[in-house]
Amino acid sequence: MAARNPVPADETLDAAAPLTLREVVAADWKLILAGALASLFLASILTSGIPEGLVPNLSAPYTYGGDGLFHAWMAQRVHEGWLFENARSGYPFGSNFFDFPGSDGGDHLIIKLTALLTGGWVGGVNLFYLLGFVSCFIATYVTARGFGLNRSFAMAAGALYSFVPFHFLRLQHLFYTWYFVAPLFFYLALTIYRTPAKVPGTRTTLGKLALAACGMVVLASFGVYYALFGIIMLALAGILSAVRSGHLQGMKKAVLLCTFAVAGVLLNVAPNLVGNFTEGRNPETAQRLPLESEIYGLKLMHLLMPRGDHRSSTLRDVARDYSSTPLNNENATSSLGLIGAAGFMLSLLVVALAPARLKLDERLRLLAAIIFVLFMFATIGGLGSLFALVVSPLIRGWNRISIFIACGSILFFFLALQCLLHKRPRYARYSVAIASMLVLFGLYDQTASACRDCNANQKVAFDNDQQFVQNIEKALPAGAAIYQLPYIGFPEVPFMHRLLNYQMMTGVLHSSALHWSFGGMKGRPGDLFYRSLAKEPLSHQLEVIRRLGFDGIYIDRRGYEDNGHAVTEELTQLLHMPPTIVHASKEIVFFKIDDRAHPPISGLTPKQIMAQAHYFADAFGPRYPGDMASGINFSKPGLPDFIASISGLSGVEPWGRWSDQGKSTFEFVQALPQRFTLVLKAHAFASNANKPTKVEIGSHAYDIQLTAGDSEIRLDVDLQGENTDRITFIPPAPISPHKVDKSNHDQRTIAIGFVSMSLVTP
């Protein structure tokens, strides 16, 4: 069947209607293939240098630190099974990933395939990164052709967009390098904008709806940020279509596609939603504040600045000088390059001149509107901040929309240039030369030479870690478990002295049969167990991990103020031997543990594991055995095991604990006795003294009076057949010490000073 928009054989600038993606691929597949291969090898050369990059590096990671380790860890998990569950991290509790939602199923699936193809996470991650350039080129080329650009300009747009600074500077945030979805969203926006009025008697088939749904689910599977940015574009295109045409067909199409995109995101995060429903919400993960959208937005100058390692020393100095201005963080990766910046500024000029009603190509109008709205979401104090206040603060990194702005800006630049040259036909013959010069100039501006010293140092670190862990693996039986110190939470925790937040992952990354204590989700039982255990004397820690069958202890000296000298010396004395294996850098040491038990732990619940360890801990710290009669000593760290949870209490002080909310609630593991005497030793702060404090036990309420000094209250309780497991104290007037005495900087709102509490039955 003949194409409805034949592709011209020459490279003259035509004004034919935009092509469909299918028509572009059918007509230009040879060019697309050539550009894809060129993108792959150019990316390899720019990353590794010459001659190293002539053959893509699949043996040592392109990045080996920071968030790069986090993405490597995820890649290893999907290679070994899938993302959500892995028994080798967080041992013996395991490590699940349900508390960290992300719409990244497409990224994980591709990494699994590349890891299977290359034999491991290293090659899988590197190949995934290189293929990101390929996917971006293909998507941009077909979109540019869909917008009506000729082949030369489409090739140039594809090359420049694939090699924007963002692609290199975001290497540690690996998934953001697969931004091929951005140009496809632009193409969909164009189709929405140009949606014709409905012809009577026509109808959309179920097959087309299913195809559209599948396509949007795929696009929504490469990051929730990119899905949201795409939805914003499609919604805007629908509104503009209605304004332009006077009918609602474009709006209906936009709503339908946005609905499919939202469904795709929900499909991706469904395991997270189910996990949170079954295990309960984790208050320690993915917590965001609205003000963070102000911090992680971008400024106009971030888009216009050259990259900080620009080839030109003059431009490099300009970028580095600007980096000292306020609110510079990951938004420094937002550089559009000079060609993209030119397109961006031209688009803003079109928006500014809109009242003049200039005769302008409708495609340029659409691109200018999209770029402007995206910028309004990205800029600090813009629509992104409003979104955080009104909808959700979970989306905070609005600077990441810069890669969508880059796509629109590059398309705008080349489309405007094509329109300009179209008015001067004698220049049409030079389109290939113009495109070639722009590509060469753009690549010079947007890329930097490979950092050979960086690559060499990184490879040394990788090889040393690999050798160290392989030596451990040789010294231990398959399936052995290793306890890691110091304790550091996962994920998104601050550095600990010189220890970065994901450096403890190197153990599991370089092993295939060992189990490691690090990597359990923070706030979950395994993490809380290790968090508490790490505060115990080292001799006690050793007893506990022996009961759990750990075969060795891994000490990272970088996490200690004294460089780990004290803990290494103490372990040497406790185990009666020096470190078994020492890292080449001397920063990490390993002690083998003899005389350990190997109890059957697989399949046990967290409580059963803790029972095996004879050590219990949760969010309230270590648990100690007790009963209601012996009660609670509030000056003692942790809680007795008959308490399920507490709320409204501050931290432990030498004498006890203050209430720090409007009420303090104690939930018991078992129902309270029907008749008992509540024995409370406590005191009241400031105006709370000698005034009634309400005590609620089930539906029963009592008033007690506490004095400024410690006093003992004995309250007889008869529940009269009611079952309850809670006691709540409601003080009359909680107040901050700072309000009572301005010289006191304690801002807590306190009232009751709990010293001890017990329940005595007849």
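First residue shown is number 1, and so on along the chain.
Cβ from N, Cα, C; glycine included.
Annotated domain 'DUF7024' per TrEMBL: 629-760, in sequence order. Here TrEMBL flags 31-50, 121-141, 153-169, 175-193, 226-243, 255-274, 332-354, 366-395, 401-420 as transmembrane segment.
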Beyond the flanks of the transmembrane segment (401-420) by at least 6 residues, Cβ under 8 Å: 13, 140, 143-144, 147-150, 153-154, 156-157, 160-161, 164, 166, 176, 179, 182-183, 185-186, 225-226, 229-230, 233, 298, 302-303, 331, 333-334, 336-337, 339-344, 346-347, 361, 363-364, 367-368, 370-371, 374-375, 377-378, 384, 431, 434
Folded-back contacts onto the transmembrane segment (31-50), same chain, C-beta under 8 angstroms, at least six residues removed: 25, 56-57, 62, 129-131, 133-134, 136-138, 141-142, 151, 155, 158-159, 162-163, 168, 447-450, 452, 455
Dominant neighbour of the transmembrane segment (175-193) in 153-169, 226-243, 255-274, 332-354, 366-395, by Cβ pairs under 8 Å: 226-243
Annotated stretches the transmembrane segment (226-243) and the transmembrane segment (366-395) touching (3 or more Cβ pairs under 8 Å): yes
